[in-house]
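The Zn(2+) binding site annotation in Swiss-Prot covers Cys27, Cys207, His232, Glu236. The feature ATP binding site is assigned by Swiss-Prot to Lys267, with sequence analysis given as support. What Swiss-Prot lists as motif ''HIGH' region' is 29-39. If you look up Swiss-Prot, you'll see 264-268 marked as motif ''KMSKS' region'.
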Amino acid sequence: MKLYNTLSRTKEEFEPLNDKIVNMYVCGPTVYNYIHIGNARAFIVFDTVRRYLEYKGYKVNYVQNFTDIDDKIIKRAQEENVTTKEVAEKYIEEYFIDADNLGIKRATVHPKATEHIEDIIEFIKILIDKGYAYVVNGNVYFETAKFKDYGKLSHKNIEELQAGARIEINEEKKNPLDFVLWKAQKPGEPAWDSPWGKGRPGWHIECSVMSTKYLGKTLDIHAGGPDLVFPHHENEIAQSEAAYGQPFSKYWMHIGYLNINNEKMSKSKGNFFTVREITEKYNPEVLRLFMLMAHYRSPINFSLDLMEQAKSAYERLLNAVANLKHLLTVCKDRELNEEEKRIKEKFEEYKKEFEDAMDDDFNTADAISVLFEMSKTANTNISGNSSKKLVEYILDIFLKLSEILGLSYRGVETELNDEEILALIEERQKARKEKNWKLADEIRDRLREKGIILEDTPEGVRWKRV
């Protein structure tokens with residue numbers, strides 16, 4: 001299996017540090033608003049990477065953080081006259097509603113920056129002790145000139161980075177590229193005690209601390225959006241490798257940009273969509289399919305016309321599943337004849353083609369093409385006279401491969417009636433009260449598989465069919 005490593009700019013054989021365990025960190029959202037479809041592309045892509053690694057037999061420790069203290073969160077809190085904690089908690093909840101809707105699996109850990117202040121302070125102390133950071137007026141900065149490999153991820157030297165960087169002039173910094181590790185408190189802003197005075201962490205340090213705390217000093221995969229290569233990921237490498245003296249991540253994965261109607265997504269231009277806006281109009285799996293129909297490193301263009309095309313494509317797959325499920329109820333359970341054995345072999349070949357596509361840098365576009373070939377072959381070769389054993393085999397293989405892409409075709413059937421749904425919700429509430437989070441999550445996942453989405457609100461649990 002090969003993946004493209006931003007660090008080397010080449011496709012490399014994937015060999016995790018530990019034979020059957022993959023430690024993967026994905027930069028999560030800054031929680032001050034609903035996630036937009038650009039965010040969603042990254043989360044869908046890396047959820048799919050995780051699913052395929054699990055399909056291949058790896059145990060994936062998947063960590064995705066929440067940045068829950070930030071200038072944008074502070075601004076939103078001031079506008080709404082609430083605390084930053086209230087803003088963050090609201091939009092973390094909204095994130096999970098959208099993520100569950102899109103079939104994005106929960107991370108092994110979803111750490112929040114504000115819950116790791118002590119860890120962050122200890123990390124900064126290491127950098128100061130090693131001579132990589134300096135303190136000015138309660139602010140702590142990382143001294144980029146001290147880190148000789150600065151620029152290795154973006155493949156630029158310090159002079160090129162300085163020339164291309166849009167960096168505010170700051171008299172406190174020794175170098176314009178130096179970045180803040182700890183920000184001194186400003187009036188009216190939340191702050192925590194530190195050896196340098198009251199303040200809060202810088203953005204870059206949060207990810208270094210949370211990733212290494214839960215996954216170790218060297219990760220297998222660190223992933224995120226294209227805009228994070230510089231400065232965020234570059235700075236993460238600098239501070240992590242300066243602190244620990246070993247490679248921060250073996251592989252770096254970045255998605256391509258997402259444009260809207262051939263222009264960069266921008267709120268001011270009005271060409272901006274939240275996930276919520278799109279999933280209110282389309283089945284969430286249509287958006288998921290749309291995101292995966294292009295290679296993850298390719299830029300993609302989003303428009304409602306293209307979503308209509310994705311909807312038609314999704315319906316073709318949905319119809320194939322519905323047809324196979326119907327045939328299960330009418331076909332006789334007999335052994336395969338010679339022609340059916342040949343058809344079964346053809347589907348074994350399809351499975352191999354799908355895996356080959358995914359083994360080649362997670363080429364979901366080619367993998368989806370294989371699903372369409374499978375649906376076409378099934379529609380033309382399987383009928384009510386076919387062996388039930390063959391139908392079961394084809395349906396099983398089709399659903400397993402679709403599941404790697406996060407497609408469960410929830411629209412095909414909802415076997416649960418309202419009474420059964422309410423009974424399961426009650427069982428989940430009981431599990432939550434008893435702090436049996438595993439059972440509560442299993443019930444939520446089971447309901448989601450049946451096309452039922454739960455929404456925890458202050459008034460209680462709401463549910464809807466999708």
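In case you wondered, yes, glycine gets a Cβ from its N, Cα and C as well.
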Candidate with sparsest Cβ neighbourhood (10 Å radius) among Cys207, His232, Glu236, the listed binding-site residues: His232
DSSP three-state assignment for His232 (Zn(2+) binding site): helix
Tally of residues which DSSP labels helix, strand or coil - the motif ''HIGH' region' (29-39): 3 helix, 2 strand, 6 coil
Listed in sequence order, residues with CB under 8 A of Cys27 (Zn(2+) binding site) and six or more positions away: Ala42, Gln64, Asn65, Cys207, Ala223, Gly224, Gly225, Leu228, His232
Env. residues of Zn(2+) site, Cβ within 8 Å of mean position of Cys27, Cys207, His232, Glu236 Cβ: Trp203, His204, Glu206, Ser208, Ser211, His222, Gly224, Leu228, His233, Asn235
